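Quick look at what TrEMBL annotates:
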type: BINDING; residues: A:Cys111, A:Cys114, A:Cys151, A:Cys154; note: Zn(2+) binding site
Protein chains: 2
Amino acid sequence: MEHLGFTQHDHHSCINSALNTAEEFCAREKLQFTPVRRRVLEILLERHQAMGAYDILEMLREEGLGSQPPVAYRALDFLVQHGFVHKIERLNAFAACMHPGEQHMPAFLICRKCDQVVEAHMEAVKNMLGKAVRDVGFEIEQAVVEIMGLCPNCKAQA
Amino acid sequence: MEHLGFTQHDHHSCINSALNTAEEFCAREKLQFTPVRRRVLEILLERHQAMGAYDILEMLREEGLGSQPPVAYRALDFLVQHGFVHKIERLNAFAACMHPGEQHMPAFLICRKCDQVVEAHMEAVKNMLGKAVRDVGFEIEQAVVEIMGLCPNCKAQA
DNA sequence: GCTTGATAGGTTATACTATAACCTATAGCA
DNA sequence: TGCTATAGGTTATAGTATAACCTATCAAGC
């Protein structure tokens with residue numbers, strides 16, 4: 001597992017880097033990285049937390065970028081579809097991808113106390129899932145791995 | 001991976017066996033295996049498919065066992081809490097557990113075409129997840145592994 | 001047997017999550 | 001310039017889940 005994130009890091013540069021990656025990707029693929037889409041990604045990057053669509057919508061509304069649910073959902077759909085954002089099914093929420101551009105199967109560690117979400121690369125698990133499932137003829141198109149529990153920080157406090 | 005289920009099996013006996021297991025477990029643990037709870041589990045066992053809470057509620061309603069959402073949700077909560085039913089987050093739906101009574105971390109194979117859900121034991125994955133995550137101090141309480149794709153049958157048809 | 005406390009279920013209302021459908025605006029291209 | 005495809009605005013509504021409060025039932029102890 002790489003890139004665990006329950007620790008401090010240069011958040012400002014991590015946001016910019018992710019935004020740049022998205023921008024370049026869209027330019028290359030002739031996709032429109034519109035203000036709403038950019039802002040939604042930015043909002044999610046500003047926190048390392050999963051946010052509900054309606055929380056995001058509330059921020060968009062305050063900023064005059066849109067006020068009705070479809071605005072937020074459409075931007076989120078776009079971002080999810082192109083791998084900049086993941087949906088956390090367990091929380092009905094969304095979180096910015098920490099490894100945009102890289103082919104990966106994300107696994108999420110979700111702290112039930114502080115709600116922080118960390119995205120881990122788990123190549124070994126991916127390989128194992130892929131192998132086991134291919135053996136029985138099931139063809140994987142997408143996988144969701146979500147692990148609930150207590151993060152180190154919250155565990156220390158308890 | 002054991003117990004894959006995209007094949008035929010003795011469905012009638014598998015239903016009875018699961019109901020008996022639940023009944024015995026509840027007796028042992030002094031839990032009430034009430035008519036509504038039993039019937040909800042039975043409904044889920046009758047199909048090897050995930051069902052939405054409102055689909056289940058509709059059946060309960062037809063049978064005079066309850067007509068409002070909380071009835072279904074309460075029964076489902078009970079069944080999930082004690083491991084007789086799993087929630088499939090990805091589908092906002094519920095499926096009977098295929099290994100009740102056994103300590104396990106389920107992984108679901110969900111066919112996007114026929115909606116069939118198969119629950120697999122994947123001890124190797126569980127061990128690997130557990131190890132990787134423990135290394136960084138995260139304490140696993142629960143995990144969701146859901147794999148979307150095409151089952152062998154649907155793949156053959158395509 | 002009666003009381004009491006705990007648990008389950010009935011019912012109403014409402015919160016939260018997501019999408020359909022239709023219309024307007026804009027950007028890129030012929 | 002005009003066409004077409006894509007994005008966003010807006011209204012309405014579908015789908016999922018729970019809060020809150022009340023009643024019924026059951027088991028345990030008096």
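Glycine too: its Cβ is placed from the backbone N, Cα and C atoms.
The DSSP secondary structure for A:Cys111 (Zn(2+) binding site) is strand. The Cβ of A:Cys154 (Zn(2+) binding site) lies under 8 Å from the Cβ of A:Cys111, A:Lys113, A:Cys114, each of these being in the same chain and 6 or more residues away along the sequence. Look at A:Cys151 (Zn(2+) binding site): DSSP puts it in coil. The local packing around A:Cys114 (Zn(2+) binding site), expressed as other Cβ atoms within 10 Å of its Cβ over all shown chains, amounts to 14.
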